[in-house]
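Taken straight from Swiss-Prot:
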TOPO_DOM  32-128  topological domain 'Extracellular'
CARBOHYD  ASN59  N-linked glycosylation site
CARBOHYD  ASN66  N-linked glycosylation site
CARBOHYD  ASN100  N-linked glycosylation site
TRANSMEM  129-149  transmembrane segment
TOPO_DOM  150-173  topological domain 'Cytoplasmic'
TRANSMEM  174-194  transmembrane segment
TOPO_DOM  195-200  topological domain 'Extracellular'
TRANSMEM  201-221  transmembrane segment
TOPO_DOM  222-228  topological domain 'Cytoplasmic'
TRANSMEM  229-253  transmembrane segment
TOPO_DOM  254-259  topological domain 'Extracellular'
TRANSMEM  260-276  transmembrane segment
TOPO_DOM  277-471  topological domain 'Cytoplasmic'
COMPBIAS  316-325  compositional bias 'Basic and acidic residues'
COMPBIAS  413-423  compositional bias 'Basic and acidic residues'
COMPBIAS  434-461  compositional bias 'Acidic residues'
TRANSMEM  472-492  transmembrane segment
TOPO_DOM  493-499  topological domain 'Extracellular'
TRANSMEM  500-520  transmembrane segment
TOPO_DOM  521-535  topological domain 'Cytoplasmic'
TRANSMEM  536-556  transmembrane segment
REPEAT    543-574  repeat 'Alpha-2'
TOPO_DOM  557-574  topological domain 'Extracellular'
TRANSMEM  575-595  transmembrane segment
TOPO_DOM  596-604  topological domain 'Cytoplasmic'
TRANSMEM  605-625  transmembrane segment
TOPO_DOM  626-632  topological domain 'Extracellular'
TRANSMEM  633-653  transmembrane segment
TOPO_DOM  654-663  topological domain 'Cytoplasmic'
Amino acid sequence: MHLPRRRRLQRNRIFFFLAVVSLLSVYQLQFSPSAIPALLTAHQHEDPVKVTSREPFRNKTSKTGNVTAAPKIRHCVYIDPEPTVPITASEDTTQRENVNESYPDEKPVYESKGEYPQDLFSVEERRQGWVVLHIFGMMYVFVALAIVCDEYFVPALGVITEKLQISEDVAGATFMAAGGSAPELFTSLIGVFISHSNVGIGTIVGSAVFNILFVIGTCALFSREILHLTWWPLFRDISFYIVDLLMLILFFLDSVIDWWESLLLLTAYATYVFTMKHNVSLEQWVKEELSKKLNAVQAASAEHMRKKSSVAVAEDGTKPADGKKLQPTTALQRGTSSASLHNSQMRSTIFQLMIHTLDPLAGAKFKDRVDILSNIAKVKADSLTGQGTKPEAEEEKQASQNTVQVTPASDSEPSKDKQKEDTPQDGQPPSDSDNSEDSSSDSEDDSDDDSTDDEENDEPLSLEWPETRKKQAIYLFLFPIVFPLWSTIPDVRNPDSKKFFVITFFGSIIWIAAFSYLMVWWAHQVGETIGISEEIMGLTILAAGTSIPDLITSVIVARKGLGDMAVSSSVGSNIFDITVGLPVPWFLYSVFNGFSPVAVSSNGLFCAIVLLFLMLLFVIISIALCKWKMNKILGVTMFALYFVFLIISVMLEDRIISCPVSV
């Protein structure tokens, strides 16, 4: 019975695909640049040419006549040169008057250089209220981008990593990061090749600040408990991020980007991927060096304490010494890549959140995370059994009071996350209350249906009719997005469609490009109506819209207790945006235009990048002042810094204030 139904579904998909292709062709023919606007622009450009060609001719004849005439008869020759100054100025004024008369609706401040189709509504009609449709369409495209990335693009990348047998760290830093940052990448491509503006730069810079400040602040505010951060993942990612930002600032000094500068940024990303490949050995080397120095310092301090205190006090004083001794080892046991958050198994898709879970901030189960990460460990256990056994034996000797058992795969995710829940935080041994809470939560999770929740993450996209009224309303709201995607792209989470992962990969790219084009186009129309530039739209609205899926996923992960994963993923996605999302369009533009440089001049973008660097420093200082804890104070501080950045960036772009660091 299922065979004819499947054939009908295949036929429907083929018919739908042909219908979409035909509609796109008709749309292209209808909205192609016609001859009438070309003639109008030609006549408009001919009029000022005629004026300028006649007036200099009159000036020349008057001057030649004055020279041939007798100076004794006409002394008014000295009066004629006086009107020559306003005559030359009148040429510019007549041109401006002709331009203003030909374009009465456009503002002189905002000039459009993009290649967009003609809108159904004029500027005056949009200012009368029809711009609401563009705003709604832009918000709707945000949801569409999130669905196509989470439901199709990221699972296809997961299949590619399985086929290529790439490790989890490298896959997370490359493919999964590309899946999370695909909208920013295509926005940058559209900004360089279609809109001819800096909307892509503004979107990436704004998205970077949004990920660092707003996402971290939201995770700190909505986390169930105070999250303790470790310094190794944050130090590793922020070090690369600072170097990349400094390179970008240096390249922006001359307001152009050469092809070799784009290659340097791509090389920086390749260095980051290489570091993630050897993350385990690098972490162990840093761990050994720090443990040697800390052991020497702690031995000296222990001897000093024994000399000054009595035997009873010395017994009490050994506990903080041992606690200090545990601090570097436990802090260094959890360094992982930033891209585990972009894993298709860890990401809760927008469609699942809106249909199956109406409260996206609801608590997720700790047991689910352990099961998912244990599956990753099983794949990596065979290849990593011989690595890291000696350093971890030393760790067990140093952390003798710790009850955590470390598996030989030191870089595997389950050992990292189990230590996160069981190991002491900030050098303090785990309390009995924490252990009781963990055991109680595990027992509660064991009683639930964990298998069904694990299957939901890998469950293919379903078009079944929901039961409740609210879910049915959301289903109807998302149906115009979900049905075309379901009809044209195979879902690789379905075992029968897993072999078509290449079609899913390229089909997702086409849909992401189409949705990104609609987003940039409608953002341009909204900005033209309101009177703001595309750079400001990218810094504010587009940056927040493209980062909302990562925001929701980061908050869910933070509420699970994975503060390191939430913070490190935010920084890791920014590294991909700056070192891939920006230089790839620039390099392609240089290649297609004879290796000519790309102009990136803007009123406030350079200063916005400098502000991004300063905000990153403020984040590091704030986390250090909060003693590496994600508490409410840190969340409020991050929100305040984000709104300060937005206000200063908009004022710089509108030239309300001048950039003090511009050259």
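Positions of Cβ are set from backbone N, Cα and C atoms, glycine also.
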Top partner of the transmembrane segment (500-520) among 129-149, 201-221, 536-556 - counted as Cβ pairs under 8 Å: 129-149
Non-local residues, at least 6 beyond the ends, that sit with Cβ under 8 Å of the transmembrane segment (575-595): 173, 177-178, 180-181, 184-185, 188-189, 191-193, 200-201, 204, 207-208, 237, 240-241, 244-245, 248, 257-259, 261-263, 265-266, 268-269, 272, 338
Among the ranges 129-149, 174-194, 229-253, 260-276, the one whose Cβ pairs under 8 Å to the transmembrane segment (605-625) are most numerous: 229-253
Cβ contacts the transmembrane segment (201-221)/the transmembrane segment (229-253), at least three under 8 Å, sequence gap 6 or more: no
Stretch-averaged pLDDT - the topological domain 'Extracellular' (557-574): 80
Beyond the flanks of the topological domain 'Extracellular' (254-259) by at least 6 residues, Cβ under 8 Å: 583, 586-587, 590-591, 595, 597-601, 606
Contact call for the transmembrane segment (472-492) against the transmembrane segment (174-194), three or more Cβ pairs under 8 Å: no
Counts of helix, strand and coil residues, the topological domain 'Extracellular' (626-632), according to DSSP: 1 helix, 2 strand, 4 coil
